[in-house]
Amino acid sequence: MGLKALCLGLLCVLFASHFYTPMPDNIEESWKIMALDVIAKTCTFMAMCFENMGIMRYEELISMIFRLDYTQPLSDEYITVTDTTFADIPVRLYLPKRKSETRRRAVIYFHGGGFCFGSCKQKAFDFLNRWTANTLDAVVVGVDYRLAPQHHFPAQLEDGLAAVKFFLLEKVLTKYGVDPTRICISGDSSGGNLATAVTQQMQNDAGIKHKIKIQALLYPGLQITDSYSPSHRENEHGIVLTRDVAIKLVSLYFTKDEALPQAMRRNQHMPLESRHLFKFVNWSVLLPEKYRKDYVYTEPILGGLSYSLPALTDARALPLLANDSQLQNLPLTYILTCQHDLLRDDGLMYVTRLRNVGVQVAHDHIEDGIHGALSYMTSPFYLHLGLRIRDMYVSWLDKNL
């Protein structure tokens, strides 16, 4: 028995060491983050093994794990929580119970999950949206958009736009007691991408009466045009989110064809006619010097993909590709970036581009931050980092919405 236990222990140590990523010196609660990182990479490893053995696809197993974390719409003494639909799009609605003499503020939130996983029903997002509604005395809407790869781009964006436009109808705003001049669109990670794209579309649509007052983007993923930015290189084997996983997920957003992620890994996926877009994602110009470091910029190689994929040049899919005229009409913006995050440079470049065209931007950079920190705000995985980001986000909303 003792020998078996010893062998099992050694096997566990060897297994964990295979997925071990050294923690940066400034990371708070490093042992917790190390454990979360090993769990995430073990799940990814298992999912890839199952896919290679033909048992099930990678995203199917990960989706099953995510669904274990979904919650029911439970109201409490402060907030009424209901699952309903806006224009046939599932949403979770949070309505404060206390009486208000005036119309309330509202926040529309898009959850992260790499376009393929998750829901506003996940414990962490339910906790965040409930906290936001209670702290701000605001109406909060979590949008349950369709997921890839069952539904490729632009399904997710279409769902987001449909839900937001429905919410902005006069009769709906009146029903929920919302002030149409005090509405925010928010999102994290891939949800930050959707929040960005939806806001760009809404603000530039002359037919929409009510405009968005502010947007809040939390470690958003805004481009894959250049997959060799400094943050991609520094975090290739990063904490929780690696370069390979990010490329796989964003590829599934567009197609199931394996040729796309293979080309993305080589930074050769952009079509021949896309060179004019590189100026919008040129990190050697758009990144502050401290993040460029000693990295040498080289343009992505064109034409490495054997077929044309229009989504790769579509600013609705990759909002950092929007031209300056599309950015000029955007509202006051909050962007939060994390140092130890593959997507760090996307947010940093968007800060620069918005400021260059005169948009007011508040930017918080978390030096000890990791990607997906907001997913770790509830037991058994809660991090002080996630709670700190929550408080920074909600505090900014309270002051500006």
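Cβ coordinates come from backbone N, Cα and C, glycine included.
Copied from TrEMBL, the annotated features are:
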type     : residues : note
SIGNAL   : 1-18     : signal peptide
DOMAIN   : 107-257  : domain 'Alpha/beta hydrolase fold-3'
ACT_SITE : SER189   : active site
DOMAIN   : 311-373  : domain 'Alpha/beta hydrolase fold-3'
ACT_SITE : ASP341   : active site
ACT_SITE : HIS371   : active site
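Around the Cβ of HIS371 (active site), the number of neighbouring Cβ atoms within 10 Å comes to 25. Note on the domain 'Alpha/beta hydrolase fold-3' (311-373): DSSP counts are 24 helix, 19 strand, 20 coil. As a whole-number mean, the pLDDT of the domain 'Alpha/beta hydrolase fold-3' (107-257) in this prediction is 97.
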